[in-house]
Structures are given as structure tokens and as C-alpha cells.
């Protein structure tokens with residue numbers, strides 16, 4: 001029996017399953033090249049966040065987790081559940097590929113950008129985050145980077161949790177994972193989150209609609225998974241999750257219906273996966289199919305989401321993946337096929353008729369070590385039903401010139417396909433071409449006197465950016481962006497203290513006008529201090545968010561406005577009352593700084609949370 005249970009665990013930690021690992025140098029990651037490898041062999045800059053990290057930071061949202069990571073800048077139109085944007089290394093929010101268990105998140109069909117404020121943190125057991133182009137591995141969207149959210153649990157057990165906080169915040173949840181018999185594992189989880197929120201419109205600098213009320217958020221989440229080991233080599237699994245979100249925001253009146261105030265968003269999302277894995281000492285393969293369906297309503301709550309004045313963004317997404325990897329020499333070769341179909345239902349507000357977009361991608365990856373030199377490459381061809389074939393490639397080389405020190409050079413191409421709204425919406429243009437990018441990067445990394453560090457410089461040229469033509473009243477390819485940046489990270493211990501440092505310099509500009517791209521801070525400093533003192537686990541976070549620019553849409557013509565820099569401190573502490581019960585407390589924005597990440601939208605100010613978890 002012990003042998004069988006160990007076998008099930010080993011089969012679960014495959015190149016494609018995403019079972020959580022420790023975040024140290026021996027951590028195994030799967031996102032960089034779609035096969036399992038130690039994180040210290042990945043040539044692209046990579047960050048791993050575990051569930052233990054999330055609990056230590058006491059984050060309440062996925063956005064709160066991501067903002068701590070290198071190369072990340074975020075903007076949000078208020079508090080929990082409000083519209084958010086994720087910028088990686090200065091690229092657009094639509095230039096980051098969001099995966100859930102290796103499958104593209106079905107949330108960006110019409111709008112083109114995934115809003116991580118709507119994804120439940122309760123589902124997140126691990127995040128693997130890759131910076132730089134990855135279209136040669138994954139296809140569209142992976143211009144700035146890839147974020148892979150992994151939902152599978154690391155170990156068996158049952159956890160019950162509850163929390164309260166500022167703005168009437170409440171959270172209640174539970175999960176259990178059990179091994180049945182010798183070779184079957186079952187996981188069930190549920191979560192409920194609610195906050196009354198605060199008025200998201202900032203005072204004194206927004207000419208829009210004044211709506212002095214609280215803008216709250218509520219989420220309900222369910223998750224289930226079943227995994228079975230048929231033999232030493234074959235494993236099958238099925239999993240599903242769904243969530244319902246309701247968000248109140250400061251809305252708008254429509255000129256055609258001046259008595260209707262649209263200020264509520266209701267999102268329903270469900271996803272189902274099923275797969276079969278094969279593993280032996282040299283060869284690994286997985287066949288995975290997935291179906292997801294999302295309905296995103298915006299409406300006047302007095303009239304309901306089915307009223308004619310409501311809007312609906314409804315997308316169905318179908319995915320089939322066949323991924324393979326074989327160990328060769330001192331490395332690995334991977335190859336596979338992706339097929340995806342996105343469908344809009346007739347009646348979707350932004351796309352009146354029903355449309356389908358199909359994409360088939362074939363890719364090849366390779367990683368090989370030759371003495372002190374490591375080479376990595378990937379090539380991919382996508383066949384899209386709208387714009388035809390598109391090819392991408394990338395290559396990297398690392399030279400360990402002194403033991404423990406290496407230089408890495410990389411180049412890659414990437415692209416972003418036009419979304420359904422840009423193609424078929426009210427102002428759509430079905431002749432749009434994909435947005436394209438070329439990125440160069442050079443980096444040094446090493447271990448010096450106990451300090452694990454990395455310094456890199458990069459340039460990203462993005463062409464064919466899609467913009468809106470006011471004269472023609474349609475989308476067209478016109479824009480160009482030139483992004484240059486420097487990124488530095490370091491981690492080290494001093495006695496009982498663990499330090500993590502990050503510095504980002506990003507110069508992201510419109511190549512035609514030389515204007516800075518909005519909502520990107522030119523400089524950021526991030527610092528994390530963790531320690532244990534008398535059984536209390538302490539976590540101190542510092543974040544300097546530099547000056548940014550945004551657009552004031554309340555003026556005509558619109559004007560650029562400057563958002564000042566800010567220094568933010570968070571402090572969190574936890575205490576294990578028993579071996580099963582842990583209590584936690586956190587103060588976010590310790591010094592109650594007043595700042596904005598999106599012009600005209602307030603942030604929460606100082607917030608308190610108190611929570612506890614019981615594990616058995």
C-alpha cells in the first residue's frame with residue numbers, strides 16, 4: 001500500500017499536472033517549456049509562488065499576490081473585484097497569457113484582457129510566472145510573459161478557514177483531499193468571500209458620474225477533482241470548478257436610456273478538464289481536453305441582468321492538447337499540438353451574431369546542456385481561422401563562465417491575435433493582423449557570499465498594435481511600442497531573517513510619439529522580510545511604486561495626468577496555537593497612504609484582516 005500511494009504521488013508530479021513543489025532551487029516547474037524541469041535550469045526569469053507563500057503574505061486577491069513579483073505593475077479601478085490590469089515588463093495588459101492548469105483562462109474573449117481581480121484566490125495552490133516572450137511555446141498573447149495558476153493540492157488533508165476584516169470583509173472556506181484505496185485521490189473545496197467595499201471614485205479629480213456609495217464584491221466558488229492511477233505508467237484525471245462573482249461599481253447612464261444606471265457586474269464561470277497521462281523513465285505524454293463557459297453581465301440592479309438594457313459577454317471555449325517530452329542526453333525535447341475554439345453566442349451585446357474562432361498550433365521545444373553551456377529553443381506554427389498561419393520562435397544560451405555564475409542571452413518573437421470584439425464587434429474590423437513583438441534580453445546571475453542575485457536588461461519592440469480610428473469608427477493596425485528595461489532581484493538570509501529584493505526600471509513608450517505608455521511606473525522597488533520569533537511568523541513587505549501617467553477622460557480633448565509615487569508597507573503575523581490551529585493578522589497600507597493606480601479611482605487606505613485555519 002505504501003508503494004502504491006507513493007506511485008500515485010509520483011505520477012501526479014508530472015510535466016503537466018502542476019502538483020505544488022517547494023519554491024527552493026530544487027523546485028520543479030512545468031510552465032517554461034511545457035515539460036518538467038528544475039527551476040534553476042530554466043533560462044527565462046521565473047518566479048514560483050506556493051500556497052504557503054500566499055498564506056504567509058495573507059493576500060486576499062490574485063492581484064495582491066502578483067503585484068509583489070518582479071516585472072509586474074498593476075492598476076485597479078478601486079478595491080476587491082474591481083476592474084484590474086496586469087502589466088508585465090511594460091507590455092499591455094492583453095500581452096500576458098493567463099493559464100489555469102496549463103489551459104488558457106476563458107475570460108478575455110470579447111475584451112481581449114483577462115481580469116485577475118475576478119479569479120478566486122481560493123483556487124490558487126501555486127503560481128508559476130515566466131517573464132519574456134513565450135509565443136513559440138504557447139501561441140497568442142505571450143508577449144510580456146506567462147502566468148500559470150495551478151489549482152491542484154500538494155498533499156492530502158482537510159482545512160477549514162475563516163477571516164474578517166475592514167470594509168465588512170468576510171471569508172469562509174474549506175477543502176479536503178483524500179486518497180481512497182491504493183490509487184485514487186479525491187479533492188473537494190468551496191469558498192465564500194464578501195466585502196461591502198468602499199466608494200471607488202476618488203474625490204476631486206474625476207469628472208464622471210458622482211455615485212457616493214459602497215462598491216462591494218461577493219464570490220462563491222466550488223472545486224472538485226478525481227485522479228486515478230491505472231498502473232505504474234498510466235494516470236487519468238477529471239476536475240472542474242465554477243465561480244459566481246457580483247461586483248458593484250460606479251456606473252454610467254446610457255444616452256439612449258437616461259433613466260437606467262448600469263452599475264453592477266455579474267460573472268458566471270465554469271471549467272471542466274479531463275486528461276490521460278503516460279510516464280516512464282524517459283518519455284512523458286499527456287492528452288487533455290477542456291471546456292469552459294463564462295457569462296459576464298453588466299446591468300441596472302433595479303431592472304435585472306435579463307433586461308434589454310443589460311449587456312452580456314458570453315464565451316464558450318474548447319481546448320484539446322497533446323503534449324510530449326522525451327529525455328535526450330543532458331536535456332529534453334518536447335513537441336505537441338494545441339487546438340482551441342472560442343464561440344460567442346448570438347445575442348452577446350458586443351458581438352451581435354454568433355462567431356467562432358479556431359486555432360491549431362504545433363510546437364517543438366528543446367533544452368540541452370553541453371558542459372558549461374546550456375542551449376534552449378522553441379518554434380511554433382499557428383493556423384488561425386481568421387488570419388491564417390503565423391510562426392514564432394525563440395532561443396536562449398547560457399554560459400557558466402565561473403562555477404555558480406552564468407551569462408544568459410535570449411531572443412524571441414511573439415504575437416497577440418485580435419480578439420472577438422475587435423474583429424466582429426460594433427466597430428470591428430475582420431481584416432486586422434496580429435500584433436507582433438521582438439524581444440532581446442541579456443542577464444547575469446550568480447551566488448555571491450550567500451546572495452542569490454540576477455540582473456537583466458531587455459528591449460521589446462511591439463508592432464501592428466491595434467487601436468481605434470475615430471474617423472473610420474473601427475479598429476485598425478497602427479501603433480508601435482518600444483520598451484526598454486532593467487530588472488534586478490536578490491535573496492539572502494541574515495541569521496533568522498530572510499530577505500527578498502527586487503528593482504524594476506521600465507521605459508515603455510509609444511514609438512511614434514515618444515509618449516510614455518499609461519499606468520506603468522518607471523521605477524519600482526519591492527522588498528520582502530520574513531522571520532520567526534518565539535513561534536510567531538512575521539512578514540514585512542515594502543513596495544515603492546514610482547511616478548506614472550494616466551488619461552483623464554473627463555476632459556475634451558483628453559489630457560494626460562501625472563500620478564505621484566508612493567511607498568507602501570504591509571505587516572503580517574501568524575501564530576500556531578496548536579499543531580492544527582493557526583491564527584493570522586495583517587495590516588495592509590500600514591501608514592494609510594492615499595494614492596491611485598488608475599486615475600480617478602481610490603484605493604482602500606489602511607486595512608486590517610484577522611483569520612484562522614484548522615487543518616487535520
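Heads up, the Cβ atoms here are built off N, Cα and C, so glycines get one too.
As the structure is a computational prediction, the values presented were derived from the model and not from experiment.
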Inset, instruction - Write down the one residue from 182, 232, 250 that Swiss-Prot lists together with 199, 211, 213, 215 as binding Ca(2+) 1. - result: 250
Legend entry - Same-site residue for Ca(2+) 2 (record: Swiss-Prot; known: 213, 215, 249, 250; options: 191, 263): 263
Legend entry - Range annotated as motif 'TonB C-terminal box' in Swiss-Prot, from 581-598, 599-616: 599-616
Inset, instruction - Would you mind telling me which of 150-157, 158-165, 254-261, 302-309 Swiss-Prot tags as transmembrane segment? - result: 158-165
Legend entry - Per Swiss-Prot record, range annotated transmembrane segment [choices 130-144, 265-279]: 265-279
Inset, instruction - Calculate the distance in Å between the alpha carbons (Cα) of residue 250 (Ca(2+) 1 binding site) and residue 519 (cyanocob(III)alamin binding site), and round it to a whole number. - result: 20
Legend entry - Euclidean distance between Cα atoms of residue 215 (Ca(2+) 1 binding site) and residue 83 (cyanocob(III)alamin binding site), Å: 12
Inset, instruction - Using the recorded Ca(2+) 1 site (199, 211, 213, 215, 250) as reference, state which further residues of the same chain have their Cβ within 8 Å of the centre of those residues' Cβ atoms, listed in sequence order. - result: 200, 201, 212, 214, 248, 249, 263
Legend entry - binding-site residues listed as 199, 250, least Cβ neighbours within 10 Å: 199
Inset, instruction - For the recorded Ca(2+) 2 site formed by 213, 215, 249, 250, 263, name the remaining residues of the chain with Cβ within 8 Å of the site's Cβ center, in chain order. - result: 199, 200, 201, 211, 214, 248, 251
Inset, instruction - Filter the binding-site residues 85, 92, 199, 213, 215, 311 down to those whose C-alpha lies within 10 angstroms of the C-alpha of residue 263 (Ca(2+) 2 binding site); answer none if the list is empty. - result: 215
